[in-house]
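*Asks:* Checked Swiss-Prot, it gives:
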- Asn172, Glu238: Mn(2+) binding site (BINDING)
- Ile175, Tyr176, Arg177, Arg189, Trp190, Leu191, Arg194, Gly195: prenylated FMN binding site (BINDING)
- Asp287: active site, proton donor (ACT_SITE)
Amino acid sequence: MKYKDLRDFIAKLEAEGELKRITVEVDPYLEMTEICDRVLHAGGPALLFERPKGASMPVLGNLFGTPRRVAQGMGEDSVAALREVGKLLAFLKEPDPPRGMKEAWRALPIFKKVLDMAPKIVRSAPCQEVILEGSQVDLSQIPIQTCWPGDIAPLITWGLVVTKGPYKERQNMGIYRQQVLGPNRVIMRWLAHRGGALDFQAWQQAHPGKPFPIAVALGADPATILGAVTPVPDTLSEYAFAGLLRGSKTELTRCLGSGLQVPASAEIVLEGYLKPGDEANEGPFGDHTGYYNEVEKFPVFTIERLTHRRHPIYHSTYTGRPPDEPAVLGVALNEVFIPILQKQFPEIVDFYLPPEGCSYRLAVVTMRKQYPGHAKRVMLGVWSFLRQFMYTKFVIVTDEDINARDWKDVIWAMTTRMDPARDCVIIENTPIDYLDFASPVSGLGSKIGFDVTHKWKGETQREWGQPITMDNAVKKRVDEMWDGMGL
């Protein structure tokens, strides 16, 4: 099933019992978070708060609160089907050279489909049905959540931030949280290596002192939202990838005050600029780590214009100790990552990012070991191959007989197949998430890899133990006897 816009997706979820309308008044200050958190922990539906306190605009929460809804947003019926999305991305990232004309012809439709998914520019866009400018812009009219008691201000969480560097042909789209400072000012919290921050840095070098155009789309269609958080190859735009998921071109429209292009069906669009040197302290806010983050300076986004659809819906989320919505997204996207990694490292059998590890800080890899030191090659490959794993602090690599998703299995392997001195790889002074206060320096810390594989000659002088298993014939006889034993 494909969805042309957010409202189409909402209607489909509601028809399936996957969305619940909340008709009682609920306060965006803390109450929505508590309700969403309880429902998410129970694996419940997406929530549409129709009567947010102090505003007339409904709030959509927990949209991607189960892995299946993430898969549905990508146009798939099951989480398992996301492996096919990963295979497509793996192919587009590094296409295999055809071994003959037959293979070349088979690959041609894929490339044609990608080329056919270039975004379509439309002049008349739903996101510009209502236009507010200058003093009319007032973020207090949007029921922006304050998620936790220690949060300093309301926080925009699901904004798709659109930027364009001075020397780039293509726009960048990323999701960065934004602290509300006033009616038309928010703080743009992006880390230095992110696409938006790099565009801003390049702009300041090319146009010193001049305002940097920026746009934020809220409430885009699910394929576009998920395209912004998926490891799309650098050669493919997020909009083209969203088109592949949706099965139709992403419709964009030009901002009224700049050349930036935003999803035409978005519920709300914020247009404005960053002025070099205009910065403010951001935070503290409760984060996906389960802690409040440190206060840091980030640039201020001044909103000149706010456009929206008639009767707009505000799309929001909260972050906290896992499981939260980002953790659920991580569970689903885990299935997309696997084929991408296997394309580069065919020896990988499974790859798992436990949600309780903040969805990216710890990875468990199972592999078919082929030579001494092989596990160390794989762990180094995980850290370096995809930028999504730049902040993964712990990588556990073990054999294919271990279930990467069963902690009992993993811990048994760690305690029986590892020597701490021989099998730990520690790398110091590597990039670390700025939100990781456990690192000695902000943004810089260490990583550790655990070789939990059976050891080959050259890695050990000991005779390696053989796992205990019951004889299959005995197991079959006991199976046949079982019902008669009354056990």
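Easy rule for this one: first residue shown is 1, then count along the chain.
Note that Cβ sites are derived from N, Cα and C of the backbone, with glycine treated the same way.
Explain the structural surroundings of these features, please.
*Replies:* Using a 10 Å radius centred on the Cβ of Glu238 (Mn(2+) binding site) and all shown protein chains, the other Cβ atoms total 26.
Take the CB of Tyr176 (prenylated FMN binding site) and look out to 10 A: across all protein chains shown you find 22 other CB atoms. In the three-state DSSP reading, Tyr176 (prenylated FMN binding site) counts as coil.
When secondary structure is read from DSSP and collapsed to three states, Asp287 (active site, proton donor) falls in the coil class. Residues within less than 8 Å, Cβ to Cβ, of Asp287 (active site, proton donor) and separated from it by at least 6 positions along the same chain comprise Asn293, Thr319, Gly320, Leu435.
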*Asks:* For prenylated FMN, what surrounds Ile175, Tyr176, Arg177, Arg189, Trp190, Leu191, Arg194, Gly195 with a Cβ no more than 8 Å from their Cβ centroid?
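*Replies:* So the additional residues around the site are Val161, Gly174, Met188, Gly196, Ala197.
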*Asks:* How many Å separate the Cα atoms of Leu191 (prenylated FMN binding site) and Asn172 (Mn(2+) binding site)?
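*Replies:* Cα-Cα, rounded: 14 Å.
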*Asks:* How big is the gap, in Å, between the Cα of Arg177 (prenylated FMN binding site) and that of Glu238 (Mn(2+) binding site), rounded to a whole number?
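*Replies:* Given the Cα positions, Arg177 (prenylated FMN binding site) is 19 Å from Glu238 (Mn(2+) binding site).
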*Asks:* Could you round the CA separation between Tyr176 (prenylated FMN binding site) and Glu238 (Mn(2+) binding site) to a whole angstrom and send it over?
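*Replies:* With distance taken Cα to Cα, Glu238 (Mn(2+) binding site) is 16 Å from Tyr176 (prenylated FMN binding site).
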*Asks:* Quick check for the class: what is the C-alpha distance, in angstrom and rounded, between Asn172 (Mn(2+) binding site) and Gly195 (prenylated FMN binding site)?
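*Replies:* Computed Cα spacing between Asn172 (Mn(2+) binding site) and Gly195 (prenylated FMN binding site) is 6 Å.
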